[in-house]
Amino acid sequence: MTGQTAPAAPQAGVSVDVPAKINPHLGVGDPRADGYHALSTVYQAISLHDTVTAQPRDEPGIAITISGEGAGELPTDEGNLAHKAAKLVALYAGIEPAVKLHLNKRIPVAGGLAGGSADAAGALIACARLWDVEIGDAELHRLAAGLGSDVPFCLKGGTAIGTGRGEELTPVRAKGSWHWVVATTDTQISTPECYKEVDRLREDGIGRYSADIAPIVAAFEGGADADSLARLLVNDMEAAAVSLRPQLASLMHGGLEEGALAAHVSGSGPTVLFLATDVKHAVALARRIRMRGGARSVHLAHGPVSGPAA
Ligand code: C5P
């Protein structure tokens, strides 16, 4: 079938909402032979999301437009993970891609919230639907894992344990909903940069692998209150993120002073998550953190939420 143009879709387009992820537990092990770090993490999808829309295009090729976070700054060519995702679906189907992809972004770029991975997951699903391509779960997972370690989780949403380099998932049945204030900063941290800093700090004897996820998994499954969850949050990348962007320390400290139950760097940072008791507390906390300054933007989010393919 290679060389054929993608069949015209009956509908005008397909839109998929894909949530951001957080890692309430992020245990980072030693680098493996392939350069990736072994992970023992718990992912959770939160209510902040990007929308990926795929529409048929008259001429062959993948044309990307972007609005919202990162518009004008992010690549719209092969350098964009969503572009690679669309190409993979076309390759899998044996068709020539002809698609307009629009990314409406609310997830901060390079913020530790898997925004690029979310867009890739959205592009996989939207293109498969637009072109009417049946992709089985195992194959979709394989395509997603080839795009990036966080992409498989972005397809699933909810709460899940991540092992391997983060791509091996075991769902967790979380009972409840937890409220966060998401504070972004005006800096970015690239994921590999943060992993390298973790390695460097470890050479100096700073930090260790928090492999045990059992306590936080039990807390989610048991519907723990926010106070209990606050004591269980772990991020082995936090010291590295703060070392790379020292201004994070004052942002975190400020949120705690304003009454957050915990301050937690999201993934490789620099976004900081503040845990609130409930939605009312989150609204008040967000207002106080905004007034204090120091954050580029402050959002409310809750999790877990369902993923795009759920
Ligand atoms: O998997 P992904 O392409 O998102 O990873 C980006 C980079 O982050 C990798 O090239 C690697 O340097 C680093 N990484 C890592 N260990 C992981 C995941 C990512 O070292 N488990």
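Cβ from N, Cα, C; glycine included.
Copied over from TrEMBL:
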type	residues	note
ACT_SITE	K21	active site
ACT_SITE	D150	active site
BINDING	P108, V109, A110, G111, G112, L113, A114, G115, G116, S117, A118	ATP binding site
DOMAIN	80-158	domain 'GHMP kinase N-terminal'
DOMAIN	225-289	domain 'GHMP kinase C-terminal'
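Taking H, G and I as helix, E and B as strand and the rest as coil, DSSP gives the domain 'GHMP kinase C-terminal' (225-289) the counts 34 helix, 11 strand, 20 coil.
If you check the recorded positions P108, A110, D150 against K21 (active site), the ones with a Cα inside 10 Å of its Cα are D150. The binding-site residues examined here are A110, A114, A118; by Cβ neighbour count within 10 Å, the least packed of them is A110. Excluding the listed site residues P108, V109, A110, G111, G112, L113, A114, G115, G116, S117, A118, the same chain places A20, I107 with Cβ atoms within 8 Å of the centre of the ATP site Cβ atoms. Listed in sequence order, N80, L81, A82, V109, A110, G148 are the same-chain residues six or more apart from G116 (ATP binding site) with CB atoms under 8 A from its CB. Rounded to a whole number, the distance between the Cα atoms of D150 (active site) and G112 (ATP binding site) is 11 Å. Note on K21 (active site): other Cβ atoms within 10 Å of its Cβ, all shown chains, come to 31. Listed in sequence order, the residues of the same chain lying 6 or more apart from D150 (active site) and placing their CB within less than 8 Å of its CB are K21, Y43, A114, S117, G166.
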